Amino acid sequence: MASGDGANGGGGGGQGKLPRKRFYRARAHSNPLSDSHFPIPISPDEVDLSQHYPRYFPSGEGEARQGDAAVPRIRFADVGCGFGGLLVGLSTLFPDTLMIGMELRDKVTEYVKERILALRASNPGKYDNISVVRTNSMKYIPNYFRKAQLSKMFFLFPDPHFKEKNHRRRVISMQLLDEYAYVMEVGGIIYTITDVEELGEWMRSCLEKHPLFEAIPEEETKADPVVKLLSTATEEGQKVARNGGQTFQAIFRRISLQE
């Protein structure tokens, strides 16, 4: 990964000043099927973790140590992380877990980088376990993660792509669930939430039909501290709450293939 792709260096965030969103305006969504220009690792071994987590990986060692089973690995992925609210909330809830946000929009990615740098500068010893990368998760998930590497994946308020001809752009589909299942460990959890009922039904239906995922009972999700963050940590979730809107969750566990 090219230098500077992670939350390590550059910008005013290093002085502890949180960035202002008005300087990072971008479209609400991007077309995931279009070709964008940004560096893509050939394989997970090419991901230089020192660019993302300098506290855990001294400069230049992140890439070389990726194959070492003893070193920390990214365990959570927030796909389409937006302005990084979920990452910030999860960081203190799981302070010893490496997690990354994956965002296609360049200005939004830059905002999250600066936000993380500012949080690290003003809270020494905290927020070192989160980072962000600009990438297209619908194309390059296997380039970043090994088989069974992730324990949690998040898809919060994704683009609904209302038109039927654009449903192939949706970030949850049977084909993409194959890839997500590959990078998730058995027992790992996939979290989805939306304020669009039709999309909520679509995501739930895809997950129910896929042989490598099963729904988690409601009583179990109520005991999961992560679930509350789904609707409260992100800008989109807060907007829905302010407007008195309804949300639709689908939370599923990665299972092994039934014989």
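Positions of Cβ are set from backbone N, Cα and C atoms, glycine also.
As annotated by Swiss-Prot, active site applies to Asp159. Taken from Swiss-Prot, the feature S-adenosyl-L-methionine binding site covers Gly80, Glu103, Leu104, Asn136, Ser137, Leu156, Thr234, Glu235, Glu236.
All features noted in Swiss-Prot, drawn onto the structure.
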residue : record                               : Cβ within 10 Å
Gly80   : S-adenosyl-L-methionine binding site : 22
Leu104  : S-adenosyl-L-methionine binding site : 23
Ser137  : S-adenosyl-L-methionine binding site : 23
Asp159  : active site                          : 19
Thr234  : S-adenosyl-L-methionine binding site : 25
Glu236  : S-adenosyl-L-methionine binding site : 20
Of Leu104, Ser137, Thr234, Glu236, which binding-site residues come within 10 Å of Asp159 (active site), going by C-alpha to C-alpha distance? none
Taking DSSP as the reference, which of helix, strand or coil describes Thr234 (S-adenosyl-L-methionine binding site)? coil
DSSP output for Ser137 (S-adenosyl-L-methionine binding site) maps to helix
Please give the S-adenosyl-L-methionine site's span as the largest CA-CA distance among Gly80, Glu103, Leu104, Asn136, Ser137, Leu156, Thr234, Glu235, Glu236, to the nearest whole angstrom. 21
